[in-house]
Amino acid sequence: MQLKRVAEAKLPTPWGDFLMVGFEEIATGQDHLGLIYGDISGPEPVLARIHSECLTGDALFSLRCDCGFQLEASLTHIAEEGRGILLYHRQEGRGIGLLNKIRAYALQDKGADTVEANHELGFAADERDFTLCADMFKLLGIDAIRLLTNNPQKVEILAEAGINIIERVPIIVGRNPENARYLDTKASKMGHLLDDTH
Ligand SMILES: Nc1nc2c(ncn2[C@@H]2O[C@H](COP(=O)(O)OP(=O)(O)OP(=O)(O)O)[C@@H](O)[C@H]2O)c(=O)[nH]1
Ligand SMILES: [Zn+2]
């Protein structure tokens with residue numbers, strides 16, 4: 001287990017009251033969050049979203065990506081279901097951090113795509129560690145989930161880490177002229193399933 005469960009409190013939102021659970025990575029002290037809605041106990045698979053931190057999209061209304069739209073859509077979907085979990089996974093910029101993401105955006109402004117920009121900076125296209133998310137699910141007592149994602153690799157990695165994924169639930173929102181190329185690159189180079197017909 002790479003994390004410990006540290007503190008929890010109510011988080012009232014426009015979608016209703018969530019229980020906010022704070023986790024700490026034992027090795028680094030980095031914090032992460034789980035937002036729980038409704039009663040997640042019992043054998044019925046829980047609707048779950050792993051949202052990777054994107055300060056620009058989540059808090060600053062950026063149209064360069066789809067993160068802010070996905071965050072809002074996830075909370076809406078979970079509240080409509082009456083039960084679910086959103087893990088707020090604090091690995092900004094697919095794990096390269098905010099400042100390197102800004103560097104990557106600068107390269108994209110000069111013509112690189114999101115994958116090429118990461119490579120030019122010396123990073124893999126995706127540096128995230130999803131085994132931390134598997135640990136958070138385990139600490140929350142979750143056995144089986146229905147995962148909101150368009151990223152089949154995420155499903156594979158979590159399954160390898162011991163999470164029972166009953167279903168992948170697509171979350172295709174927020175396409176706009178500013179992020180169209182970025183989303184097309186995610187589909188063509190990173191295998192994201194961004195076509196509703198999948
Ligand atoms: N390095 C880098 N990170 C980015 C860029 N745009 C968004 N991100 C980060 O990408 C992460 C979100 O990953 P996404 O590729 O949107 O989606 P995903 O989590 O793999 O898949 P979904 O579950 O379908 O959303 C967040 O941490 C963002 O900060 C970019 O151009 N470069
Ligand atoms: Zn984003």
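For all residues, glycine too, the Cβ spot is worked out from N, Cα and C.
What TrEMBL records for 5-170 is domain 'GTP cyclohydrolase II'. According to TrEMBL, the GTP binding site annotation covers Arg49, Ile50, His51, Ser52, Glu53, Gln70, Glu92, Gly93, Arg94, Thr114, Thr149, Lys154. Positions annotated as Zn(2+) binding site by TrEMBL: Cys54, Cys65, Cys67. If you look up TrEMBL, you'll see Asp126 marked as active site, proton acceptor. Summarising the annotation, TrEMBL assigns active site, nucleophile to Arg128.
Projection of TrEMBL feature records onto the structure.
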residue	record	DSSP (3 states)
Arg49	GTP binding site	strand
Cys54	Zn(2+) binding site	coil
Cys67	Zn(2+) binding site	helix
Glu92	GTP binding site	helix
Asp126	active site, proton acceptor	coil
Thr149	GTP binding site	coil
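In this structure, the C-alpha atom of Cys65 (Zn(2+) binding site) lies 15 angstrom from that of Thr149 (GTP binding site). The Zn(2+) site is defined by Cys54, Cys65, Cys67, and by the 8 Å test on Cβ atoms against their centroid, the other residues of the chain that qualify are Ser52, Thr56, Gly57, Asp58, Ser62, Arg64, Asp66, Gly68, Gln70. Annotation for Asp126 (active site, proton acceptor): same-chain Cβ neighbours under 8 Å, separated by at least 6 residues, are Arg94, Gly95, Asn118, Gln153, Met190.
The Cα atom of Glu92 (GTP binding site) lies nearest to that of Cys54, taking the recorded positions Cys54, Cys67, Arg128 as the candidates. Around Arg49 (GTP binding site), the same-chain residues at least 6 positions away in sequence with a Cβ under 8 Å from its Cβ are Gln70, Ser74, His77, Ile78, Gly84, Ile85, Leu86, Leu87, Leu147, Leu148, Thr149, Ile171. Cys54 (Zn(2+) binding site) sits 13 Å from Arg128 (active site, nucleophile), taking the Cα positions as reference. For ligand 1, the recorded positions lying close by, meaning a CB under 6 A from one of its atoms, are Cys54, Glu92, Arg94; the full candidate list was His51, Cys54, Glu92, Arg94, Arg128. In the predicted model, the domain 'GTP cyclohydrolase II' (5-170) has a mean pLDDT of 96. The maximal spread of the GTP binding site, taken as the longest Cα to Cα distance among Arg49, Ile50, His51, Ser52, Glu53, Gln70, Glu92, Gly93, Arg94, Thr114, Thr149, Lys154, is 23 Å. Of the recorded residues, His51 (GTP binding site) and Cys67 (Zn(2+) binding site) place their C-alpha atoms 8 Å from one another.
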